[in-house]
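In Swiss-Prot this protein carries:
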ACT_SITE  S185  active site, charge relay system
ACT_SITE  D447  active site, charge relay system
ACT_SITE  H472  active site, charge relay system
CARBOHYD  N70  N-linked glycosylation site
CARBOHYD  N172  N-linked glycosylation site
CARBOHYD  N321  N-linked glycosylation site
SIGNAL    1-24  signal peptide
Amino acid sequence: MAVWLAQWLGPLLLVSLWGLLAPASLLRRLGEHIQQFQESSAQGLGLSLGPGAAALPKVGWLEQLLDPFNVSDRRSFLQRYWVNDQHWVGQDGPIFLHLGGEGSLGPGSVMRGHPAALAPAWGALVISLEHRFYGLSIPAGGLEMAQLRFLSSRLALADVVSARLALSRLFNISSSSPWICFGGSYAGSLAAWARLKFPHLIFASVASSAPVRAVLDFSEYNDVVSRSLMSTAIGGSLECRAAVSVAFAEVERRLRSGGAAQAALRTELSACGPLGRAENQAELLGALQALVGGVVQYDGQTGAPLSVRQLCGLLLGGGGNRSHSTPYCGLRRAVQIVLHSLGQKCLSFSRAETVAQLRSTEPQLSGVGDRQWLYQTCTEFGFYVTCENPRCPFSQLPALPSQLDLCEQVFGLSALSVAQAVAQTNSYYGGQTPGANKVLFVNGDTDPWHVLSVTQALGSSESTLLIRTGSHCLDMAPERPSDSPSLRLGRQNIFQQLQTWLKLAKESQIKGEV
């Protein structure tokens, strides 16, 4: 693989799926920061578009039905897509389709990641499809509640079907060309489900860090965070895990003390909002949990402000006399480092301000759509991270009921309806036993989301790959000399799996079966 291409292999969408409150904002910014850092690093190489260099990808628009399940509703919207045809061998070559998730897609979506990296080997056409209601693919009427009912994973998959048919006509793609879907995080789930629901149209899929099991109370997230903080393989330790608990206990003590202690805490931890009310205290504690969880989720990724090893060093007073530091001081320093890296002044806001922001129907043209993704968590997935398990090192204050209240406050959706929606999602897609073949599920055991994915093969044609010490979508990140042997082997396995699939596709082409 050429050096310049390796530098462009940034994560396709490294945002968190955690769809609530301050945690959502912080993890979203962490993911965007990492992606932007990797893109700017590639640009810093001084790459030009001279002879032999990559051509700029093309952007296009597809007219899609707003409600394809209602034959009497002919309303439509424009869905953005990107195309990289630099390596395409023509009509019979494979199509690598990168599916967008809960954010906007730019030209980098077809210039980096698995599809672009693997395209030269097989002469593939690389296409990315932006998810409805995100980025610039927002229907008329914007983000009003009446419109959001047309936002769902099922409708997104219907868009994939119609896009495949329309793009085949537009680019004169042979009916025998195999279409292979790629995606990371929520988009990884979409990639797996596209193969599950439409095997006659999607030949195979690579699903990276795909949380295919919806869950209301996602306490398992912090179970993985706790284990990772103790993992010596990534710089954790029992001492580090204990220090996190001590630091959070000190934060809660100061919150209970009120007065000067609470005022000092607000300043030291950059809480932009009053801390007198329990709901605002939960916002701060949730943001602190997200900060530590984000360090674990993105551990080892280029551009991440802190690694687990570095965080543990801060909490344990590394680099100096430990008696001159406390876990709370280390946590405060971690907050400063992360906020500085993100160019952000506030770690948390008041609950009232958070609700007001999420009620805004003004579309976000870049990054993650917070209102849209919250709606999808309320109507399909849940994913509400809690700390009710005794093994959790954080605070129990950001409890599930207070999180579910946000669905009611913003969208008027009851806790019961959210629970029912989560159950329906698992019933429709099959949860962690989807039953799809020709799907490769790729996960890292450090990533808190891997517990919602498929990590054990359910059959000979439903493969899994678990990368030791791997974080969220790490297999999609830029190749580096410091990559672990398990990550290098994982990428080789992805290449080999794709090679096997495309050999099968070629044999089917010869037999006229594709």
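Quick reminder: no glycine exception, Cβ is built from N, Cα and C everywhere.
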N70, N172, S185, H472 screened against D447 (active site, charge relay system), Cα within 10 Å - retained recorded positions: H472
For the recorded positions N70, N172, S185, the one whose C-beta sees the most other C-beta atoms within 10 angstroms: S185
Spatial separation of N172 (N-linked glycosylation site) from N70 (N-linked glycosylation site) - C-alpha basis, Å: 29
Between N172 (N-linked glycosylation site) and S185 (active site, charge relay system), the C-alpha gap once rounded to whole angstrom: 31
For the active-site residues D447, H472, the one whose C-beta sees the most other C-beta atoms within 10 angstroms: H472
Separation of alpha carbons, H472 (active site, charge relay system) and S185 (active site, charge relay system) (Å): 8
